[in-house]
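TrEMBL annotations:
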type     : residues : note
TRANSMEM : 44-70    : transmembrane segment
TRANSMEM : 82-102   : transmembrane segment
TRANSMEM : 108-126  : transmembrane segment
TRANSMEM : 133-149  : transmembrane segment
TRANSMEM : 155-174  : transmembrane segment
DOMAIN   : 156-287  : domain 'EamA'
TRANSMEM : 186-208  : transmembrane segment
TRANSMEM : 214-234  : transmembrane segment
TRANSMEM : 246-266  : transmembrane segment
TRANSMEM : 272-292  : transmembrane segment
Amino acid sequence: MTSLEPELIVPAAPGGERSGLLRGTLTMTGSAASAQVGAAVGTFAYAAVGVPGVVAVRQLVAAAVLLPIARPPFRRFTWAQWWPTLLLALVFATMNLSLYSAFSRIDLGLAATLEFLGPLAVALVGSRTVTDLVCAVVAGVGVYVLVLPGPATDWLGVGLALLAAACWAAYIVLNRLVGRRLPGLQATAAATTLSALGYLPVVVLLVLHGRLVGLPLLYCVAVGLLCSAIPYAADLVSLRRISTRFFGVFMSVNPALAAVVGLVVLGQVLEVHAWTGIGLVVLANVVAVVVAGTRTRRPRPA
């Protein structure tokens, strides 16, 4: 997960001006590309600092970016604000560790697509419409075609990516809950900071053993900037120019973009069935977002 919940950032702009839509689209493209390139760069540091080391530095950078912006008043938190924030911090820590562990075992495009099932599940859960049921079936078929189970399937990698998907779904639900108790980005900033503090011992151990130096350190900091600082800033800018519905639809390109970045940066060549599976999952998400947006705009009966 690399993007913030749009509803918790800024009110969506109507998106009527073509120039604003174009700038917003270009900004989102840069944000998505930055996040996927950052994920790919992180793999270069695995051998030196391990997956926990990469995630630890990433979380520290994210906290350093969000804290000055949101300035959450920790001392004034009530228990009703603390407990969902603590759960959100646990979700952040687990989601990033499981996702980056998946990146170390399976292709970037495969892992990113499986992770994307999290927000898709949230969009579809509880729905009884035929369209949403079709979306769920298409996504399920897409996952099967993407993974294409066989003797060579890395089930641990697939499981880790699905765990990241579950965490992303939990993040969306918790963020909506805590967003009613803490304004703006305070909950995200607080949870990110707590998550970073949890990984602080990992950073200390790596520093003491002289492993977080040179290129590995640069790679880890680059991951933090590319996956946290740049996407967060880009999302804040783009959501002032486009609607949240368009934002949700555009986010669907992330799995395909991850596959392209995996090919260009890491030399990961996906077979035709994998591209087909990615396309089906992306299609299911686009339709689910569009249909959900249409339902949201319908006037409620008196």
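Our numbering is plain: 1 for the first residue shown, then up by one each step along the chain.
Heads up, the Cβ atoms here are built off N, Cα and C, so glycines get one too.
Same-chain neighbours of the transmembrane segment (272-292): 107, 109-110, 113, 116-117, 119-120, 123-124, 129, 131-132, 134-136, 138-139, 141-148, 245, 248-249, 251-253, 255-256, 259, counting only residues six or more beyond its ends whose CB sits under 8 Å from a CB of the stretch. At the 8 Å Cβ cutoff, the transmembrane segment (82-102) and the transmembrane segment (214-234) share fewer than 3 close pairs (sequence separation 6 or more) and do not count as touching. Within the chain, the transmembrane segment (155-174) has long-range Cβ neighbours (under 8 A, six or more residues past its boundaries) at 1, 5, 84, 87-88, 91-92, 94-96, 98-99, 101-102, 104-106, 110-111, 114-119, 121-122, 147. Among the recorded stretches 44-70, 214-234, 246-266, the one sharing the largest number of Cβ pairs closer than 8 Å with the transmembrane segment (186-208) is 44-70.
Tallying C-beta pairs under 8 angstroms between the transmembrane segment (246-266) and each of 44-70, 108-126, 214-234 places 108-126 first.
Outside the transmembrane segment (214-234) by six or more residues, the chain places 2-4, 27-28, 30-32, 34-35, 37-39, 41-42, 44-45, 48-49, 53-54, 57-62, 65-66 with a CB less than 8 A from a CB of the stretch. Using a Cβ-Cβ cut-off under 8 Å and counting only residues 6 or more beyond its ends in the same chain, the transmembrane segment (108-126) has close neighbours at 1, 36, 39-40, 99, 102, 132, 135-136, 139, 142-143, 146-147, 157-158, 160-162, 164-173, 251-252, 254-256, 258-263, 266, 268, 270, 274, 277-278, 281-282, 284-285, 288-289, 292.
Within the same chain, residues 92-93, 96-97, 100-101, 104, 184-186, 188-190, 192-193, 195-196, 199-200, 202-203, 206, 211-212, 215-217, 219-221, 223-225, 227-229, 232-233 sit at least 6 positions outside the transmembrane segment (44-70) and bring their C-beta atoms closer than 8 Å to a C-beta of that stretch. Mapped onto DSSP classes, the domain 'EamA' (156-287) shows 109 helix, 0 strand, 23 coil. Mean pLDDT for the domain 'EamA' (156-287) in this predicted model: 88.
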